[in-house]
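First the structure, in the form of structure tokens, and then the observations on it.
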């Protein structure tokens, strides 16, 4: 809890720094705060955690691991943001503060033990992002992304809330432990309200994670928002939403698996195909990444479909691998777009000649996203697939393998463009912060791919 | 006044559930078919308020105050969301001179 309080205070402090025009201090102060948060979470790592504050939050290993992942990725995103927002506005402090507020919400979502905290966390996370998506006030795409995200977010909140209200009506409590004991005590006599509540919660959460058929806002919002905000949305927010999703279902709804599993199975298969097939036909790298994030949501849903002892671990590894690769991909896209003014695949033509190391980093990220062995993405996919196989969902694994093959096609378009399409171009200058982020993310991706044992068995 | 309260307490829980589901459905349909952003926001408010009513009814049914506390959370959130939402709508209006959702079709593919 001290970590969440620290982060909220840090965000307010940043607003004051902005007030006193201490622009140069913003990045160091926020990074220091994030490091302090990481340390606090590190000391919280305990085997037998109890729910705190009248059962509102529970900082077990699951929550701490996902929190550390979210805070770490946010630190990488903030490092990329140096000088990024200066062009958008003179009020830079607000952006740092809003990102940290959003992170605070994400941390609540991964550690909730009461449906009230799930709701509040989701909203703190989303409301800050509505503003962030529209920070380019004059840019039409940014406006459109903000409005669409706001309308869809508010709409999905309604479903989430109605689901929570129905669960409350059936059980008389918002507490996860009370709901769980209600389900365990009446395995057959759970009221229809409860079933309706589960379905509405699936709809609301599927909206938030961007799973088909509730995905239609994702490509437009990811495409229209500034690249850095897209990075934050597709990594931290997606990870937190999935962690909350899994926590709710693994904690409360496992005895009713026969009821909701078929629903999620259909959602998963539709998500995989919609994401991959539309990603193939995209001409813009940014839009391709948006659709690929939909397909990755499909892979991450595997852990909830085949819910079991290894679900938490596989979603942690998958989300970590996906986040790191996305940070590299979007970070390089920022550099390329600055140099060429375009985010199409052609903008990457011949990049390997002048910027061999940047091209290498993008290649590693693409291989990790495609799930090629010796990268973290492969380990994540492997854990997902083996979890589903242990649940005897052979059909799902076959469909997923077909989709992984499709994924290789569109990820390799970038690699082909960089290495085999000649183009006379100038060298892209890579700033020091970008170097640090790219090196760190690529190293972790490779090390996890070679020594997966370091994280396997963590949870 | 006594009889009014007694009459209200005589309303079965099922009626509240049906009533709130109807209001919620009206809100959902409003979001899906209306094209004016302001009206879409009003429909979203309708959805949130139907949840508030349902929570209050369940709270009385269970004799448990936490449902009513949740209603306050939802009200606070709705206020924050409206503030941000209206700001976004004003920003869009300045650029497009329209609050029609069909004006938002530049992002395609």
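Keep in mind that glycine also has a Cβ here, set from the backbone N, Cα and C atoms.
Checking the ranges A:35-55, A:392-412 against TrEMBL, the transmembrane segment annotation falls on A:392-412.
Note on TrEMBL: of A:172-189, A:190-207, the range annotated with the feature transmembrane segment is A:190-207.
Two recorded stretches are said to be in contact when at least 3 C-beta pairs lie under 8 angstroms, sequence spacing 6 or more; the transmembrane segment (A:357-380) and the transmembrane segment (A:433-454) meet this definition.
Panel annotation: around the transmembrane segment (A:259-281), residues 195, 198-199, 202, 206, 211-213, 215, 219, 249, 253, 288, 291-299, 301-302, 304-305, 393, 396, 399-400, 403, 406-407, 409-410 of the same chain, lying at least six beyond its termini, place a Cβ under 8 Å from a Cβ of the stretch. Counting Cβ pairs under 8 Å to the transmembrane segment (A:147-170), the top-ranked stretch among A:92-110, A:190-207, A:288-309, A:392-412, A:433-454 is A:190-207.
Packing against the transmembrane segment (A:392-412) from elsewhere in the chain are residues 265, 268-269, 272-273, 276-277, 279-280, 282, 288, 292, 295, 298-299, 302, 305-306, 366-367, 369-372, 381, 384-385: each is 6 or more residues past its ends and has a CB under 8 Å from a CB in it. Panel annotation: around the transmembrane segment (A:288-309), residues 209-212, 215, 218-219, 222-223, 230, 234, 238, 242, 245-246, 249-250, 254, 257, 261, 264-265, 267-269, 271-272, 274-276, 278-279, 282, 315, 318-319, 322, 326, 329-330, 333, 345, 369, 380-381, 384-385, 387-388, 390-391, 393, 396, 400, 403, 407, 410-411 of the same chain, lying at least six beyond its termini, place a Cβ under 8 Å from a Cβ of the stretch.
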